């Protein structure tokens with residue numbers, strides 16, 4: 001007996017969406033991929049003054065298999081790009097990405113042949129944080145934007161390969 005026999009209309013799915021999204025948005029497990037000064041600025045966002053853990057992003061993960069939010073902070077070179085892509089592929093689904101700082105968003109002032117001009121060329125980015133380096137308040141705003149995005153997601157949209165099973 002599969003879910004297609006249990007679900008006859010979208011009422012159950014909307015309730016499940018609300019439940020899953022509430023749990024996911026309030027228990028983000030971030031992993032920082034820090035390569036430059038933005039990673040140092042991220043430390044102030046998790047300090048006691050700003051306390052990022054108030055927003056559900058308390059437990060920092062250092063393994064991509066345990067993280068669902070990747071925060072890329074700093075310059076990414078073309079040599080690092082395959083490594084970043086591999087780490088992104090190792091993350092569990094659903095996963096979200098925050099591009100933190102001018103270097104991660106657009107290459108910053110490193111406009112040369114070795115620097116990737118924005119990480120969105122290799123992985124999808126959900127939220128961009130501008131600044132060089134961005135303030136801790138901007139990092140908190142990005143976490144709130146990710147939580148807002150999670151609140152509006154649906155199980156049907158998240159698992160496109162199982163769409164036939166979820167539609168009655």
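Note that Cβ sites are derived from N, Cα and C of the backbone, with glycine treated the same way.
The [4Fe-4S] cluster binding site annotation in Swiss-Prot covers 37, 38, 103, 132.
Everything Swiss-Prot records as a feature, shown here on the structure.
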| residue | record | Cβ neighbours (10 Å) |
| --- | --- | --- |
| 37 | [4Fe-4S] cluster binding site | 15 |
| 38 | [4Fe-4S] cluster binding site | 27 |
| 103 | [4Fe-4S] cluster binding site | 27 |
| 132 | [4Fe-4S] cluster binding site | 14 |
